[in-house]
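Participant: Would you mind keeping the following structure in view while I ask a few things?
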Amino acid sequence: MDFSRLRRIITRYCVGEENWVGNRTVHIGHKEPPSCAEAYMPQDYPDNRIVSSKYTFWNFIPKNLFEQFRRIANFYFLVIFLIQLIIDTPTSPITSGLPLFFVITVTAIKQGYEDWLRHKADCSLNECPVDVVEQGKVVRTQSHKLRVGDIVMVREDETFPCDLILLSSSRYDGTCFVTTTSLDGESSHKTYYAVPDTMAFRTEQEVDSLHATIECEQPQPDLYKFVGRVDIYKDKQEPVVRTLGAENLLLRGATLKNTGHIYAVAVYTGMETKMALNYQSKSQKRSAVEKSMNAFLVVYLCILISKALINTVLKYAWQWSPDRDEPWYNHRTEIERQRHMVIRAFTDFLAFMVLFNYIIPVSMYVTVEMQKFLGSYFIAWDEEMFDEELGQGAQVNTSDLNEELGQVEYVFTDKTGTLTENNMEFIECCVDGNVYIPHAICNGQILSAASSIDMIDSSPGGYRREYEDLFFRALCLCHTVQVKEEETVESIKRGIHQGKSTSFYISSSPDEVALVEGMKRLGYTYLRLKDNYMEILNKDDEIERFELLHVLNFDSVRRRMSVIVRSSSGEYLLFCKGADSSIFPRVVSGKVEQVKARVEQNAVEGLRTLCVAYRRLSESEYLEASHRLTEAKIALQDREQRLAQTYDIIEREFVLLGATAVEDRLQEKAADTIESLHKAGMKVWVLTGDKMETAAATCYASKLFRRSTQILELTKKRTEEQSLHDVLFDLNRTVLRQRSISGLSVDCLDFGLIIDGATLSGVLKPSQDSAGHGNYREIFLEICRNCSAVLCCRMAPLQKAQIVKLIKSSKEHPITLAIGDGANDVSMILEAHVGIGIMGKEGRQAARNSDYAIPKFKHLKKMLLVHGHYYYIRIAELVQYFFYKNVCFIFPQFLYQFFCGFSQQPLYDTAYLTLYNISFTSLPILLYSLVEQHITMETLKREPSLYRDIAKNALLRWPAFLYWTCLGVFDAVIFFFGAYFLFDNTTFTSNGQMFGNWTFGTLVFTVLVFTVTLKLALDTHHWTWINHFVIWGSLLFYVIFSLLWGGIIWPFLNYQRMYYVFMQMLSSGPAWLSIILLITVSLLPDVIKKVLCRAVCPTASENAQKHDELFPDGVAEWSTLSFGRSCKGTSTESSRLNLGAGEKLPVLRSDHLPHKLLAHLADGAAADLCSLSSYMLRLSGAGFAYYAPGPETSV
């Protein structure tokens, strides 16, 4: 009896060797395993259908209505409409039902259209063709028909239809190159590997004959983690077990590159793919304007209830006397008298609520939605935010936060790829304490790449030559760079001899490509990886071959990577490169101090540095290391922890070889953008994973820190010397002391804070100290409030989000903005109030998960200072104006009840009640909120401080809200009592006929419509033909509608109380006079207030408006004459640097040059630049720059 199967089951479930619960088994090609394997149990997995839509044809109406009526405003108007249907109210149900129906319908159409687009995208995705291997042939089918276990054939430049395990590829080594831009934002090529036992299956027939079973974990959203193994059955032997990891898993959405075709098996399909599991349901972000709207709505709801309650009480107080009871001809009087007093009072209260409910504008919500949706196109249409290199402009992923762009107080930005170009260039290397620079310059001569020199000692000895060769070999071998498939060894060598500078390397890391290309310029060229052998071309034009035994991949925790190779002489070598903090503690020999000094100097200059070390392994040491690595890789449970432990054991006792320096240039106009944001009152924080020195140098170059800025350090190094508690309190005392001094002095010291990830963890960790030191968060926030800029270095992605959340939840509740370009920035982009993604070289994941996407960091300036300013001004006016015009609309109705015995008699006709907010006054404010420009774009860009005028929701604060409300009440009183007193006991027409109540109401309504429309015209600064058309067209439409409504007998109306009313009113001369007089009196106070405010205490915006009126064409920018002699370079960016008192020199580079060198050039020095022994010259494609050693070097 075969007990092997029982033994395996007992091992899995009882012994605890592996945690098999929740794993899945995939049978490749749906083939039953041989009899020696476990029983074949078919499992039910979902198909490959992707569903991102929200509705279906059947549930759209009920689901959409449910979601819309969850909004308080919509539900309120639904209740009002139902009350009008149930009880006898003074107004028709149409007056509430029609606007509500309009809002619900427009919103439903908008959401339905958006969901239809999602359905359309899903359909095109699910129906795309896929090649599947069936019975030894390639069959084309649709993507949604794929099942787990299908063998799929994918060709070059095709996208993977589901999550696949690579079986074989058209490349001889079983590898393939993939770009995962749509997943993790990385646009570089990544290498994936087939299992050695399956890579030989090259044809459809061979792949179809494969008998294997994959056991792996259940679907997880982590893109970088996969644990599994494959059992390969050959004849009737025991299966061959191979480990599977993330390097074998091809993810849905990734694209095959530089590989003819591959065969792979589907393991996760449909909504179980990692891409689908990473569909993040973004939390609903609400803008400050929306919160203000809701607060104002609550106030007006209270006003509405108060009005209804007051009128109900006054009605019964007025009717308390028998002679003031309802008249005898009202047949409902007896019926109502028999009802209980409470019921009658409650019914009257509801009737008054219906009568006054128009004070809450239901159409405001749909107008705001339309304004946001249409206004968002102005960002996408902005030609100044279009990038020629990318061929793309700005994108708007959500229009709900447009106005929030004008309220930003904190900007959190990534460094690499956001402030910098993420375009790496090899600058120098330090080998055993000696510096090597490609393309060095001496005595005016540019040295060739192959003859690069040592800037310290030009006569290397034998010992040093050995270290030099080891260093260059280490960088040529310790990487994951691949050579383009079309390149051959001969073509590479020919290109080197011909001096071609074209790159033929591809890698997931731009740093690695820069290092390998730097070695090529120094004489060591990496050729290829073939049959597990790495080939390099040395200085002597000889090919060296090293067998690649193991790759210890880079990870963000270790911050290093290693390779184990065997030379042609049989020697085992371990080469390692990584961050200085991860290499130096593991070094036992080498010139550590000299290399460390060079690394620190390069970091101060803003260069990215890596250290290189090696270790010779004996055969026994290698066999032990290989055994440990194999065991760790084959484990299904805790594989990552076991690998980390194994790496830690192997990567020890290094000999330090040297270090490298790579430059990542600052983006164009990044410094100008940050300077403008500072002037606008925003605090800019840089959150990066780089080391402190490199990040600090970038901050100085981008003007985040200035030379006068006093830097406060809150780093691990300092907390090791002092306790975190003492450091925090020392820094707090420093900033508080300076703040108290600056209150008495004109000069204010500028502070900048630098904090690292390790210290931040201690700050954010809740204090467990029984001594009562308390929580460090408030102290940290107090320090940050007094710093103009903050640099957070060595930050993990989660810590970036924690920082943003910490500032968001502080007591001031500031508006935050996060901007980044990579997948590691997504967490903080989603956490911030406004998230902006850069369409950079690290892919588009940040851009897809953001609220807005821009091509370059420089475009942030216009997005905030211009578009954000406009959006906030426009929507603030829209909200206040809507409440104002509705107060003007309803308050006369409230006053009218005092003159009609509180009988709930409406002042306006039903048509006027219905169309006031929908037609008569809606288009002018909508157009205003789309095109108004109270200040020109050029002025807003030139004067960033104007942004401060609208900060902290300035235009929607309670004082502004009360002013607009009081103005509306004042105008309403003028409308009503002006019409009442002007025509009390007066005849209006030539035949002596007096106006009735409908004529009186029409007169008040006419004055109302003209006043609120002209009020908006007075507030308009930017007039176009469409403004004139809409404003005057709305007034004309009201007049024409009133003439038609009252001038024609409409057959569908049971009664027509407005017949001839409007014409009769216009036939009276006093009516015309009263309309003009009341409009003038209503608008006069607001005009006087504005004139006085502009004359006495004008705001910065009003001064800017005066400037625009005086200088409509702008002011010519100041410029200085340059010297006859100028420095030549290729950079187009210029800056002026002080040489002496009042003397300036234009320099074709944004970097500040040392004064000594400038004076040297200005005096007409000779071309012998090497005579300046304390300076070093570096030449790059963007121009030239001089660097002085030491901490004072400018970058």
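Just so you know, glycine gets a Cβ as well, placed from its N, Cα and C.
Curation does not apply to TrEMBL; its annotations are automatic.
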Participant: Out of 259-281, 420-442, 788-810, 995-1017, let me know the one TrEMBL marks transmembrane segment.
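Facilitator: TrEMBL lists transmembrane segment for residues 995-1017.
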Participant: From the Cα of Asp825 (Mg(2+) binding site) across to the Cα of Thr416 (ATP binding site), what is the distance in angstrom?
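Facilitator: It is 11 Å, counting Cα to Cα.
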Participant: Are there three or more C-beta pairs under 8 angstroms joining the transmembrane segment (69-87) and the transmembrane segment (995-1017), sequence spacing 6 or more?
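Facilitator: No, the transmembrane segment (995-1017) and the transmembrane segment (69-87) are not in contact.
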Participant: Out of 69-87, 349-368, 911-931, 1029-1053, 1059-1084, what stretch is closest in contact terms to the transmembrane segment (961-983), meaning most Cβ pairs under 8 angstroms?
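Facilitator: Answer is 1059-1084, with the largest number of Cβ pairs below 8 Å.
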Participant: For the C-alpha pair, I'd like the distance in angstrom between Asn824 (ATP binding site) and Asp414 (active site, 4-aspartylphosphate intermediate), rounded off.
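Facilitator: Counting only the Cα atoms, the answer is 9 Å.
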Participant: Could you give the Cα-Cα distance between Asp821 (Mg(2+) binding site) and Arg794 (ATP binding site), in whole Å?
Facilitator: 17
Participant: Rounded to a whole angstrom, what is the C-alpha distance between Arg794 (ATP binding site) and Asp825 (Mg(2+) binding site)?
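Facilitator: Here the two Cα atoms lie 14 Å apart.
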Participant: Can you say which of 295-318, 349-368, 911-931, 1029-1053 has the most Cβ pairs under 8 Å with the transmembrane segment (69-87)?
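Facilitator: Selected stretch: 349-368, with the most Cβ pairs under 8 Å.
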Participant: Using a 10 Å cut-off between Cα atoms, which of these binding-site residues sit near Asp414 (active site, 4-aspartylphosphate intermediate): Phe554, Arg608, Asp825?
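Facilitator: Cα within 10 Å of Asp414 (active site, 4-aspartylphosphate intermediate): Asp825.
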Participant: Validating a neighbour-count step here. Other CB atoms within 10 A of the CB of Asp414 (active site, 4-aspartylphosphate intermediate): how many?
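Facilitator: Other Cβ atoms found within 10 Å: 28.
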Participant: Arg608 (ATP binding site) to Asp825 (Mg(2+) binding site): how many Å between their Cα atoms?
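Facilitator: Asp825 (Mg(2+) binding site) has its Cα 20 Å from the Cα of Arg608 (ATP binding site).
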Participant: Let me check the 10 A CB neighbour count of Thr416 (ATP binding site). How many other CB atoms are there?
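Facilitator: I get 26 for this one.
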Participant: Given a Cβ distance threshold of under 8 angstroms, which distant residues of the chain, six or more beyond its ends, lie next to the transmembrane segment (911-931)?
Facilitator: 91, 94-95, 98-99, 102, 358, 361-364, 367, 370-371, 374-375, 378, 874-875, 877-878, 881-882, 885-886, 889, 1001-1002, 1005, 1009, 1012-1013, 1016-1017, 1019-1020, 1022, 1024, 1026-1027, 1030-1031, 1033-1034, 1037-1038, 1041, 1045, 1058
